[in-house]
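Here the structure is laid out as structure tokens; the discussion comes afterwards.
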Amino acid sequence: MMPEASLPILLLMGPTCSGKTALAIEAAQTLPIEIINVDSALVYKGLNIGAARPTEEELALAPHRLLGFRDLTEPYSAADFRADALKHIEQIHNNGKLPLLVGGTVLYFKALVEGLAPLPEADPVVRAEIAALADAQGWPAVHQALAEVDPVTAARLKPTDKQRLQRALEVFRLTGRPLAAFHAEHDKTLTKSRDGLSQFSGLPYPVLSTALAPQDRAWLHEQIALRFRAMLNSGLQEEVEALRQQPQLNADLPGIRAVGYRQMWEYLDGMYGYDSMVERGIIATRQLAKRQFTWLRKWPELQWFDSNDRSQRDALFGLLAKNCKSVFS
């Protein structure tokens with residue numbers, strides 16, 4: 001077996017509803033790999049149906065790390081994910097296996113391979129000041145305040161993106177420097193590649209980057225609609241109603257803002273009718289998939305496989321098997 005520092009990590013990325021989890025579970029049953037979840041909703045406890053959490057039967061066949069371990073009231077950042085993932089990667093390598101990181105939260109994948117800019121810790125006083133501004137004048141006023149000091153970051157954020165707006169303005173008020181300047185200084189990118197594996201300057205391990213995604217976007221949209229309706233039939237409304245019974249939870253928490261949960265929460269708040277909730281949930285999921293494609297198209301040396309083509313899925317499985325064999329043979 002290779003020295004631990006030379007052992008690769010395997011990335012299986014892709015848009016929502018592309019079949020990543022099913023393929024990963026299949027692979028984990030026959031290959032020397034362990035799965036690490038890379039989905040920002042699935043890190044939270046209590047988000048099951050709407051987050052497409054694997055069933056208990058599936059988890060018995062293929063356990064997932066970083067799954068359902070965080071309380072909904074606890075923030076979980078990309079930096080938190082990177083720190084946790086690196087610990088689990090080392091453990092999996094020590095177990096004589098390869099980590100297969102599976103999910104659609106590309107921000108987490110980027111944080112892992114590129115590292116993160118050194119930013120100041122959250123400051124409760126500054127956050128309270130920004131929250132007071134939002135309460136008094138609305139989040140568009142926060143967006144405008146950010147645009148005046150950090151136009152680059154403001155241009156890529158919507159006035160409704162409360163969490164990121166708050167963080168960007170907080171960073172400026174704490175440091176006097178725009179968030180965009182920190183990111184520009186921290187340009188961690190691909191440094192070299194060999195035998196299909198990439199070496200990123202922010203990570204000590206070689207990386208196999210793969211994506212499972214349909215070429216037919218209409219097919220994906222159909223799958224999104226079918227799955228959202230299946231979630232409703234499986235009890236998504238009851239799941240959210242149970243969450244609403246917990247007084248510490250509210251609609252502004254990151255987990256509750258996840259696609260599907262947000263629309264159901266707002267429906268139960270009486271903001272719109274059931275049919276509108278269904279339509280909004282499906283549209284929001286399509287928009288999520290579009291954003292995921294946008295991120296993935298920028299990923300260096302990403303190997304794409306068509307999730308709607310059995311032979312392509314088999315080829316992806318074969319590539320994972322080949323990398324395992326090259327390490328452990």
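Note that Cβ sites are derived from N, Cα and C of the backbone, with glycine treated the same way.
Per Swiss-Prot, the listed range annotated as region 'Interaction with substrate tRNA' is 163-167 (candidates: 63-67, 163-167, 213-217). In Swiss-Prot, the region 'Interaction with substrate tRNA' annotation falls on 39-42 of the listed ranges 39-42, 259-262, 275-278, 299-302. With a threshold of 8 Å between CB atoms, the same-chain residues lying at least 6 positions outside the region 'Interaction with substrate tRNA' (39-42) that come near it are 50-53, 64, 67-68, 76, 81, 103-105, 107-108, 254-255, 258, 261. Minimal Cβ crowding within 10 Å, among the binding-site residues Gly14, Pro15, Gly19, is found at Gly19.
Here the binding-site residues are Thr16, Ser18, Thr21; the one with the fewest Cβ atoms within 10 Å of its Cβ is Thr16. Here the C-alpha separation of Thr105 (site 'Interaction with substrate tRNA') and Thr16 (ATP binding site) works out to 9 Å. A straight line from the CA of Lys20 (ATP binding site) to the CA of Arg127 (site 'Interaction with substrate tRNA') spans 37 Å.
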